[in-house]
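**Student:** Can you read through this structure? Questions will come right after.
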Amino acid sequence: MTLIVTGAAGFIGANIVKALNERGETRIIAVDNLTRADKFKNLVDCEIDDYLDKTEFVERFARGDFGKVRAVFHEGACSDTMETDGRYMMDNNFRYSRAVLDACLAQGTQFLYASSAAIYGGSSRFVEAREFEAPLNVYGYSKFLFDQVIRRVMPSAKSQIAGFRYFNVYGPRESHKGRMASVAFHNFNQFRAEGKVKLFGEYNGYGPGEQTRDFVSVEDVAKVNLHFFDHPQKSGIFNLGTGRAQPFNDIATTVVNTLRALEGQPALTLAEQVEQGLVEYVPFPDALRGKYQCFTQADQTTLRAAGYDAPFLTVQEGVDRYVRWLFGQL
């Protein structure tokens, strides 16, 4: 039976395609926009049945051109939180997603899609409930508005709808994202280029490098998607994070120590790395004051209640794996 992955050449989409391949699934239609042509590299080691541009996909899918489709993993979106073209963002992330959803509902196709923790904005609690949702940018609003649509249609839906609010995802196949790539990716490249990693200094009551995020490996993101694919009776909107808030210092020290280990050098504590100039703190930029989240942490209650009980990689585990993968790509 056919599977469809939108955003298939992107970061999370390509990892889902690869994870499906590892289970023997190759009847996959990859949908994307390759205007940024170098994204094709994310699919070079993947097996797919067909490729379609996003502009032709929805109409053909709604028309039934692909026969029986078991599931759509809808990962295609503009994920640039700095994008200021609201019309583009709403058309790409909201209108397009509604069209894919409508086609899935009409055909009884499982619909698993990418939501975002950006929906929570400046909230201090990260629970899948309306009172905690206050997006700070048009990207977050586009995701929020689509989740509101999902809440309205889910009670009457005859097929699965599962949305995942991704927290700070890092891992292989993100290099095309540029400035929107993960902190781990940028720390890796900065350390190789300059011999040190730079982090923000003290801000808003948090010490240097102590601002925290829920950093989640794309390995775990793919696993959660496939778990719900295997359990089509489970619908809902779910936070997809580790449930742990870890400081940027943890990312930096893990990147540095993994690269040191690859060169046969011993691990160092954070204090030792700072003392040796391997980690450096820079003044917090004025442009980000009042617009910066110093803390995110996924509430996993809904996810765990739905039956997902596997552990999540810590920053130390996941970033170590990722740095070794990046090093192997050099």
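Here the Cβ of each residue, glycine as well, is placed from N, Cα and C on the backbone.
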**Student:** Based on Swiss-Prot, name the residue from Tyr88, Tyr96, Tyr292 that is recorded for the same substrate site as Asn168, Arg179, His186, Phe200, Gly201, Glu202, Tyr203, Arg213.
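**Tutor:** Among Tyr88, Tyr96, Tyr292, only Tyr292 appears alongside Asn168, Arg179, His186, Phe200, Gly201, Glu202, Tyr203, Arg213 as substrate-binding in Swiss-Prot.
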**Student:** With Asp32 (NADP(+) binding site) as the reference Cα, tell me which of the binding-site residues Asn168, Gly201, Tyr203, Tyr292 is the closest one.
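**Tutor:** Going through Asn168, Gly201, Tyr203, Tyr292 one by one, the Cα closest to that of Asp32 (NADP(+) binding site) is Asn168.
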**Student:** Would you please pick out, from the binding-site residues Asp32, Glu75, the one with the fewest other Cβ atoms within 10 Å of its Cβ?
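**Tutor:** Asp32, out of the binding-site residues Asp32, Glu75, has the fewest neighbouring Cβ atoms within 10 Å.
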**Student:** How far apart, in angstrom, are the most distant Cα atoms among the substrate-binding residues Asn168, Arg179, His186, Phe200, Gly201, Glu202, Tyr203, Arg213, Tyr292?
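**Tutor:** Greatest Cα separation within the listed binding residues comes to 22 Å.
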**Student:** Taking the Cβ of each of the recorded positions and counting other Cβ atoms inside 10 Å, which one has the highest number: Lys39, Lys143, Lys177, His186?
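**Tutor:** Per the Cβ count, the most surrounded site is Lys143.
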**Student:** Ranking the recorded positions Phe11, Tyr139, Tyr292 by other Cβ atoms within 10 Å, which is at the bottom?
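**Tutor:** Counting other Cβ atoms within 10 Å of each of the recorded positions Phe11, Tyr139, Tyr292 gives the minimum at Tyr292.
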**Student:** Using a 10 Å cut-off on Cβ-Cβ distances across all protein chains shown, tell me which of the binding-site residues (Ala77, Asn168, Gly201, Tyr203) has the largest neighbour count.
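**Tutor:** Answer returned by the neighbour count: Ala77.
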**Student:** Based on DSSP, name the secondary structure state of Tyr292 (substrate binding site): helix, strand or coil.
**Tutor:** coil
